[in-house]
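Asks: Take a look at this one; I'll ask things after.
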Amino acid sequence: MPLMMSEEGFENDESDYQTLPRARVNQRQRGLGWFLFGGWKVLCGSCCDCLAHICRRKKELKARTVWLGCPEKCEEKFPKNTIKNQKYNIVTFVPGVLYQQFKFFLNLYFLVVACSQFVPSLKIGYLYTYWAPLAFVLAVTVVREAVDEVRRFQRDKEMNSQLYSKLTVRGKIQVKSSDIQVGDLIIVEKLYTEHNQNVPLFFSSFFFAGACFIRTDQLDGETDWKLKVAVGCTQRLPAVGDLFSISAYVYAQRPQLDIHSFEGNFTREDADPQIHESLSIENTLWASTVVASGTVIGVVIYTGKETRSVLNTSYAKNKVGLLDLELNRLTKALFLAQVVLSVVMVALQGFVGPWFRNLFRFVVLFSYIIPISLRVNLDMGKSAYGWMIMKDENIPGTVVRTSTIPEELGRLVYLLTDKTGTLTQNEMIFKRLHLGTVSYGTDTMDEIQSHIVQSYAQVTSQSSNGSTSGSTPSRKSQSSGPKVRKSVSSRIHEAVKAIALCHNVTPVYESHTSVNGETETAEADQDFSDDNRTYQASSPDEVALVRWTESVGLTLVNRDLTSLQLKTPSGQILSFYILQIFPFTSESKRMGIIVREESTGDITFYMKGADVAMASIVQYNDWLEEECGNMAREGLRTLVVAKKSLSEEQYQDFENRYNQAKLSIHDRTLKVAAVVESLEREMELLCLTGVEDQLQADVRPTLELLRNAGIKIWMLTGDKLETATCIAKSSHLVSRNQDIHVFRPVSNRGEAHLELNAFRRKHDCALVISGDSLEVCLRYYEHEFVELACQCPAVVCCRCSPTQKAQIVRLLQQHTANRTCAIGDGGNDVSMIQAADCGIGIEGKEGKQASLAADFSITQFKHIGRLLMVHGRNSYKRSAALGQFVMHRGMIISTMQAVFSSIFFFASVPLYQGFLMVGYATIYTMFPVFSLVLDQDVKPEMALLYPETSLFFFSCILTRGILMYGALVLFESEFVHVVAISFTALILTELLMVALTIRTWHWLMVVAEFFSFGCYLASLAFLNEYFDLSFITTWPFLWKVSAITLVSCLPLYIIKYLKRKFSPPSYSKLSS
């Protein structure tokens, strides 16, 4: 098949890519110049890559032969069936954590300065003043990482220890998930509880006890139930134990990313002749899927990291906030200023004596320009923000799993969201039935029910009077004679009957199941009671339609591969034979069924599908297009239902041509489609249905809130294009007055070029594109496509694989350099969540996989509004203010040191030593400065009402050396007390500036101010080495210190007051 040839070609491309770098390197000219100008980097990098490749050599994935129930017969060694989300192991934990810390210039700088104090000639103060803060920062980081690692280990252990039933020669035994091997026979059952049992972790299986439905929402985001068919050879075995008496094996293709295809063969050797069966995607059960009903016996084909779900999952990365990166760059700039200042001091000194040593001493003296307490305060602040988020009563159940990036929530530009389970509840409700001249809504459904009861009551009465034709003869007489307008009752009868027949829904009656398939027999013999009936289908729309027909009186009670039965309001059972089924495909956008009514022998062809596909199939009408548009604007998913009556001769002719087309070797698909299309002509239009996919609570106002804050929203879903477009409209992701540009399917460079040009001419329209077309565009026109897509107010990507979702996130990060956030609730969203700068998981019906992998976990989509607009905004602004004050505090010290050294002949002697420096950075000023994490400029309600105020810019205040100059001028005759005087004024200035900066007072802020000042006063009694108690208790000392403090603070706040008066920030208008 062409598809398989395409797959093989793609695989060859991947292997070719692996040889490209080596080929290019070999072509380069190598010489001394090449080595000096960067060649040594290439050689070092090549050596490192070679060592890494040897240490973790990747095993080549190959096709495999798996013997049923005989893992020991497998020739190859397959990976263990475990999951591992840990970043480190016992050996790599300490080196890995230290590397993550010291790869930033800020921490590396502190380490170098602290190590310099071991050199006697460079020693400035006590060792603990440098090593204690650095050790504290590292200890906090190591403990935090250790706690996170232990939690990951416990979660992995819990998942790997789940028990599953394994079928052996001696019977059924319980085994851990981690003990499952390739070739094992595993029994998977549906649990009749709130949560369905997942298929055993990390394996694919072939099952033998008939057909069943599965859910794949954790894998591809689709909650449609998919029908899976058993292997015919094993299904015919009389007992389960016979699986071990036959000699059979499965040949399966090598593990690959594609979750929508599979190629393999089943062979039974002990039969004469040997039995060979081809296997396709219909015979497989992937890992992370859910068995919806019945019992499955499967042979394990793939385990561990070779399963589709793991191959499509990217590994977690260490996320670093933009604020941390900005601080890292700012640190480099401050270090450069520090070196320049030191060079200036040495130059003014005249480069006399050991000037190089003096230069390094000045660098150490001015090291407080980059205070180590900055790292401590910001890390503690992040922990405080996380605690506030989890304690917020307005967003209950929120969990902060990554405490290092809360500020990212306030700096987001792109929000990439899943659809199913995130924006929608995936619960379909039938809302509208339109017959052309009359429309029925939820409030008039009782009229339809009365028409159905009346219609089938007439059929029953006619049957009791000896008529066997029911209502069919009347319809025949209408069609054979002149065209007569049908009554509303007969049109409703035909429409409801068509909806009840044209689908792929199977009713299931819950009962105790056994492995040998006794359930199916029990279901066939039992009464069709309404109490324990559930419906299974490949689409929730189908279930909604069948449930609606049940609510109006026509109930689907039984279905198998060849027949189905309906129950009328009077309890009569109508039987129909299924002659042909034409399933729904994304290309045809319609599905059809041909049935024969048992009582009359009438053959009818029913079809339903999207309006764009059905408009040319049904007979001429003047209302279909208009009503489809009206329902779409209401956010309803529309389906057009039509029928065509066939004579026995017509059907036999069609069947012969259809079977002949299915046996064709060349162009089979095209020939089959052509035969079916010959039947799809001049069909009678019956009705138009409207089904609503229930949105999550408050989705519309939440999306509007985020848009008003300047956040661009992209919806990435694995669902169909029509469904995604409908939800984009109903959720108001796309506003009513906006056009939607549906990107046509493209398969090559030329088509992509033409479609991109057509899209470029559109303005202010939302984009809807499928995953296949997206892949083609990114292959040839990556930059152009991203540039155009970023200009759209909204983008919808449908039919996206988990890998594509993560790829889109990385594209936005690379091409826009903006911060991205991904939110989802299923296992197929994990890659996207981990790739984004900020990942948010929702605990929903699809499990906790996304929630556990995310940085933040919420319970409802609407909570994202408060999480971003209130907590994200506050975290960002508070961290900015906190960092600003910590650096301001360091600059004051460095400025005073510079003034002190310049006056005293540029001596590299510290102004403050020992405990004074430690106390200044900790108990004297830390608590008031840290209390800024409680400050807020506007109330949360105002931030939600006016999200435009969420933008904030980092600023830094430079302070002059007024403190030092004032101390020297006022105390010239008492110079021995300069240290005590200037230090006291310094503490008062810092406390005053914090107090004047606070916008909303909290009682803890008041406590922090008085506690810090009290600690300073109390410590004076113990600091005899630095202070003279008899001097600092005099009135001249007090008023002169007050004067210096006032002069240093007053000009700054006069400027700030004038700026606030004449150019107020946006939040001040809201506060007033």
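Cβ coordinates come from backbone N, Cα and C, glycine included.
The shown structure was predicted, so the numbers you read here are calculated from the model rather than taken from an experiment.
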Asks: May I ask you to indicate which of 98-119, 912-933 is given in TrEMBL as transmembrane segment?
Replies: 912-933
Asks: In Å, rounded, how far does the Cα of D418 (Mg(2+) binding site) sit from the Cα of G718 (ATP binding site)?
Replies: 9
Asks: Name the residue among the binding-site residues D418, D825, D829 whose Cβ has the smallest number of other Cβ atoms within 10 Å.
Replies: D418
Asks: Restricting the comparison to the binding-site residues T420, D825, D829, which residue's C-alpha is spatially nearest the C-alpha of F584 (ATP binding site)?
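Replies: Smallest Cα separation from F584 (ATP binding site) among T420, D825, D829: T420.
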Asks: Please list, for the domain 'P-type ATPase N-terminal' (74-131), how many residues fall into helix, strand and coil according to DSSP.
Replies: 29 helix, 0 strand, 29 coil
Asks: CA-CA, which of the binding-site residues R637, G718, R799, N828 lies nearest T420 (Mg(2+) binding site)?
Replies: G718
Asks: Within 10 Å of the Cβ of R799 (ATP binding site), how many other Cβ atoms are there?
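Replies: For R799 (ATP binding site), the count of other Cβ atoms within 10 Å is 22.
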Asks: When the pLDDT values for the domain 'P-type ATPase N-terminal' (74-131) are averaged, what is the result?
Replies: 82
Asks: Going by Cα-Cα distance, pick out whichever of the binding-site residues R637, G718, R799 is nearest to D825 (Mg(2+) binding site).
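Replies: Given the candidates R637, G718, R799, the nearest one is G718.
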Asks: In whole Å, how far is R637 (ATP binding site) from D829 (Mg(2+) binding site) when you measure between their Cα atoms?
Replies: 24
Asks: Among the binding-site residues listed here (F584, R637, G718, N828), identify the one with the smallest other-Cβ count within 10 Å.
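Replies: Comparing Cβ neighbour counts within 10 Å for the binding-site residues F584, R637, G718, N828 gives F584.
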Asks: Counting across all protein chains present, how many other Cβ atoms fall within 10 Å of the Cβ of T420 (Mg(2+) binding site)?
Replies: 30
